[in-house]
Amino acid sequence: MTQYTPMIQQYLKVKADYQDAFLFFRLGDFYEMFFEDAVKAAHELEITLTSRDGGSSERIPMCGVPYHAAKNYIEQLVEKGYKVAVCEQVEDPKTAKGVVRREVVQLITPGTMMEGRTIDEKENNFLAALTHFEDGSYALACNDLTTGQNTVTLLTGSVEDILLEVYATGSKEIVVDSSFSKDELNKLTETLKMTISYEDATAIPEGLEHLVKNVSQAKLIKAVGRLFNYVIRTQKRSLDHLQPVEIYYTNQFMKIDVHSKRNLELTETLRTKEKTGSLLWLLDKTKTAMGGRMLKQWMERPLIQKERIEERLEMVETFVNDYFLREDLKEKLKEVYDLERLAGKVAFGNVNARDLLQLRRSLLQVPAILEAISLLDNAYAARLIQGADPCESLTELLGRSIQENPPLSIKDGDIIKDGYNDKLDQYRYVSKNGKTWIAELEKRERDITGIKSLKIGYNRIFGYYIEVTKANLGALPEGRYERKQTLANAERFITDELKEKETLILEAEEKIVQLEYDLFTALREEVKVFIPKLQHLAKVISELDVLQSFATVSEEEQFVKPVLTTKREIFIKDGRHPVVEKVLNGKLYVPNDCIMPENMDVFLITGPNMSGKSTYMRQLALVTVMSQIGCFVPATEAVLPVFDQIFTRIGAADDLISGQSTFMVEMLEAKNAIANASERSLILFDEIGRGTSTYDGMALAQAIIEHIHDQIGAKTLFSTHYHELTVLEDSLDQLKNVHVSAIEENGKVVFLHKIQDGAADKSYGIHVAQLAELPDSLIARAKEVLAQLEGQEEIVIPKRVEVKEQEVIPEPVVVKEEPVAIEETKVDNEEESQLSFFGTEQSSKKQDKPVLDAKETAVLTQIKKIDLLDMTPLEAMNELYRLQKKLKKG
């Protein structure tokens, strides 16, 4: 390092402590970057890469950005997942001996950004800290530095459970200890794009102990300690706005895994990853930024306590029924700014006068809001506003201290009102009247000298002066004027009287600016005292905002209040998919019932593509989520149970990036549901098994249906193109066939989008191809092939019968197979009975059990012993292939 100049040596010394961040190194009016930082930053920011002499034999790569524009460049880097260490000059270069002393004053990371375009006003910016313990449990602590919110929870499940919780927070950065498993980190970052940071300290930092008074578990305290230590290390400033840590338990909320949330498009769409087109987009009628954030949090964690859900529903009903109360509340909420983030800016010391003016305008609305809610005959409302302080003394303080239109900068003066401070008023009097005196002096000097062009001016170098053109110099009386500056066409003078007034005026103006700054910083400290009250008030207003939002959208979209039942029954009359209906924008939407009594667990849904099967399935899930966050639902009548979990496999969002095919994703999501679902869960499976061959897919689909029906008992919607599976209705007493209806007119299919009882009578695959405008010649050929195939092969679907333990041979049922594209083994027994899937008649021939040889019986015995739930899809396929080869050997 000794070969470098002292300044570069200083840079390298600072950089050594921030290897994982860009170092913005302050040099005068620029932030400079050197070496690898410069090369990478020039590429990422699209700025010029240059070089400079640093004392070594080779020039050093360098790039820089102006300090006044640095905020924009920092945001660009952080938005891409990088960290930025801001290194400032901490002493005056004029008085410095040698190299100016510099220190990192803040480390800006994706999880600690306070403001900027990366921070959506209606979204939290959570930083997560994860701690792993020897017993296999985890503790997850989260902090939103912009609002001061802190949460912690204990997780005892798998990495998938952690993934769910981190996804629910929307964290862009996660803090772990340096020994954390790299494999587990990879699992997290494969699904969620996050910046990984490290912090080994877990003791609660001094001065923050009061924030964990309600936390007793050592594991939770360690996670919070890791989080707080990282925040302190990166921010290096006041954290007075941090709120007491809230403990929550994941078993208090409905579980919806990451893939299901994406499939259902709860907060963003699958295709664009944007809010528009999601359920959140539809429900968000909030008027405040903090209300918008709370709404998203509610949607990420629907409730499972019936009483809490009903409390919310009753409040929503109150707002729905009282139009004037609702509209008056909305008008007041429009005037409320982001109290949570304003409190954060106060604590961080970067609040300006306009921010405090916004705070005052917000507080002016609070008394009327609290009074209106207090008049409601509602226990939930009374409990909600209990302890809420309107902070009227703060409103009064801000009202008499801050000007109505203050500048953005707090160093330019013109912030504090007249009458707030006596000394400031005196200085302003001198400044204002001093300038008046200057104008009067100019008039008097003109009269005395008779020089009409004489003028008094001012500049920063020479101060006040009397300027006289050279043509008029002879008119000046001798001895009274002292020459100050000579110009080409004029001379500038000063008098003793002007000197005296100049001193008074300039001192007053300087003192005004400094005193206003001092008064403002003192005022800011006074406001800090109110931070806890402001944060409590923010929560009250946020909750009211979400509830009125539910009421507003329920009124506008004609939603109905759901009735919650402790029974395992679903009764939805004229249900609609809320987002699809909204996007149709007035066009006809076909509503559908979903009626599943306690003794009906599985709907097996058939019907052509594009007919609405997936929409119907998503519709039920969204109605359930809406109900359990406390919102009315899109139906004319709804009776719903409280579900503990939702599992879905809808759509074809393959995980190709991580090397997983459609079929693998299907199997993993099916495994997740089978392993974790309870009879209080909701399962939605759309065409499970389509990612493999017909026989394999059909076998797996049937096995999954039977397992859910027999072992789990969860309410399930299972759509399929394997029409042969509809015979399961005969053997599974809690399964019912339903289909999406369609009709054929003049050779064209018309989708009716109506769910009806029974199985579909036709597939309409070629008709869908026609709608997609495939070439006519191709369509014609497909019809020829279909006609040939329809009369060929038959598939034996094992019919479920009650058997004793030693019996291994199922009773077969034969059904006609749809076209397949693989070579299959023909059924030898031509005398087996025929079950026509598309018709209603069934052969009355007696079905004889097939005679199996010893080898076939042995294979069946092996199949019976296989534990499919304990195998991966690949292992299952390999085992199936091995058994097939065994049967084919002569």
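Using N, Cα and C of the backbone, Cβ positions are placed for all residues, glycine too.
According to Swiss-Prot, the feature ATP binding site maps to Gly607, Pro608, Asn609, Met610, Ser611, Gly612, Lys613, Ser614. Taken from Swiss-Prot, the feature region 'Disordered' covers 832-851.
Comparing local CB density within 10 A for the binding-site residues Ser611, Ser614, the maximum falls on Ser611. Over all protein chains present, the Cβ of Lys613 (ATP binding site) has 26 other Cβ atoms lying within 10 Å. Sequence-ordered, the extra residues of this chain that approach the ATP site, with Cβ no more than 8 Å from the Cβ center of Gly607, Pro608, Asn609, Met610, Ser611, Gly612, Lys613, Ser614, are Val740, Phe751. Residue environment of Pro608 (ATP binding site) contains 23 other Cβ atoms, counted within 10 Å of its Cβ in all protein chains. Within 10 Å of the C-beta of Gly607 (ATP binding site) we count 29 further C-beta atoms, all protein chains included. A C-beta separation below 8 Å, combined with a sequence spacing of at least six in one chain, links Gly612 (ATP binding site) to Val590, Val740, Phe751, His753. Neighbour density for Met610 (ATP binding site): within 10 A of its CB lie 18 other CB atoms from the protein chains shown.
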